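Colleague: As listed in Swiss-Prot for this protein:
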BINDING   Asp18, His19, Gly20, Lys21, Ser22, Thr23, Asn135, Lys136, Ile137, Asp138  GTP binding site
DOMAIN    6-188  domain 'tr-type G'
Amino acid sequence: MAEKNSHIRNFSIIAHIDHGKSTLADRLLEHTGTVTKREAQAQFLDNMELERERGITIKAQTVRMKYRAQDGRDYELNLIDTPGHVDFAYEVSRSMAACEGAILVVDATQGVEAQTLANVYQALDHDLEIVPVINKIDLPSADVEGVRQEIEEVIGLDAKDAVPASAKEGIGIGEILEQIVHRVPAPEGDPDAPLKAIVFDSWYDSYRGVVMLVRVFEGTVRPKQKIRLWSNRKEFEVQELGVFAPFAKAVVELQAGEVGVVVANVKDVHDAKVGDTITDATRPTEEPFPGFKVVKPMVFSGVFPIEAADYEQLRDALEKLSLNDSAFTYEPETSQALGFGFRCGYLGLLHMEIVQERLEREYQLALITTAPSVVYRVTDTSGAVEEIDNPAKLPPVQKIAKLEEPHLTCHIHARTEDVGAILKLCQERRGLQRDLKYLGTKRVQITYDIPLAEVVFDFFDKLKSVSRGYASLDYELKGYEEADLVKLDILINGEPVDALSVIVHRERAYQRGRDLCQRLREVIPKQMYEVAIQAAIGAKVIARETVKAFRKNVLAKCYGGDISRKRKLLEKQKEGKKRMKQVGSVEIPQEAFLAVLKVEE
């Protein structure tokens, strides 16, 4: 190992949401004097307003700290802050590939949760040295010994050296830094070998093009050097290099073991994919990093501007968002009910919420979003296989030989007293139990196969409510399985509304259709004529509700007298309503599309 690397330590922090990861990062920055008290704002590394508000980290960040250890030597510590949510699992695995060690933060009041575990297993897969930290010991309900035991039982790590700390109060921070220096191995790698670096994040800067966050493993990268991206063979010239300490500053070179920023005139963020390998164009490395994959969206929904005039603005906003988020996809689509808009693809539910919230918040757009749907695999009668992300595109029933839907393997961690309620919820969602094991006396891990379509709506919210907020969920895609699925159309006055179509399991179709019609009846405003709301599978109507018409009393001015006069007036009114119904069209309000989302409740 090169002597010059022996002072470098690359590490990340793993934690479940809300276990105090970003606060701990703030304290490390303060303790090492990287940021002054005045500059330190809470959650320094979560730059997006949304990240701070939701208390989650969405994009990976890095920061370089200088630290003088108790042995008198100066160390360079690179903290690679990773997203903790399961939607961003691939980004996490790439960020981990860039480290040699990880701090495992466990909340002293909550214990080990599902996403902590999922991320720990990833860290172990990458052979990282794990430093356990038990955080929030200042809280009255903290149970340090219990959690220490849990780390040993559930994860199988030796926790006798686990550092008890409180990031909020600044307790134990010095001890954590010492552990990083002494336990995390220094990076290996030869600065003179051919260049080999991994991209673990990229974003778009309007002045400099795409900025890549990289970790150099072999060789050295310098300005004016020609580099090549492995996955697409494109070549670029390096313009500038930098590190965050914690604000960007330029450097002359990045050597093996270092983490930094490379700007190389890349114009399209899709060229700099997370997990890709960078090498020298003239003297390339032999092998790229293993494990690179193009992330595929799992959940889709339509996004339409409420004002048709905002279409261009929405397109620009989506373009800018996708510059920073290579996992997010979008393509134009039209809907008879909603006009022009886009079909967007996301990694998961949280990702979807974040994208929609950013569109509304950062670009001030008023949007209608359709119900999320997943990618179905359709085999038609001629044997051709097609993937469909929009229920409206499903071929007619008689042409479908089989329909397959994506399944997830879900790992749920919960308290033992909530097991019954959780099992019931999973059964309702067509889940198949795979495993149930008790971790100690208080916690349990439940493994289920559940169709993604059942998780997409509000599984997570329901899980939180049946477990009073204690259960945590982690999932991975298992593959496609055949299912008895049908397309449920909603007709309003006999006209199908494409944006309200959903694909459901046949057993559920009747119930779902009835619920939907009832919901829609409440939100569609009364007209001067009756409005029929029907749910149909193919040509068969399975549920109907009617929105009653406004009715003027045409007999008000008749007193007594002949019945035929009254009958004439009523007939005339009926005739008029019939004519209106033929030409009238029903305005469908925004709430109607939300009703589809809420039907599950």
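The backbone N, Cα and C atoms fix where each Cβ goes, glycine too.
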Colleague: So, in DSSP terms, is Asn135 (GTP binding site) helix, strand, or coil?
Modeller: strand
Colleague: Among all protein chains shown, how many Cβ atoms are found within 10 Å of the Cβ of Asn135 (GTP binding site), not counting that one?
Modeller: 30
Colleague: Suppose we draw a 10 Å sphere around the Cβ of Ser22 (GTP binding site). How many other Cβ atoms does it contain, all chains included?
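Modeller: So the Cβ neighbour count for Ser22 (GTP binding site) comes to 24.
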Colleague: Please work out the mean pLDDT for the residues of the domain 'tr-type G' (6-188).
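Modeller: Its mean pLDDT is 72.
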Colleague: Using DSSP and collapsing to three states, where does Ser22 (GTP binding site) fall: helix, strand or coil?
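Modeller: SS state of Ser22 (GTP binding site) = helix.
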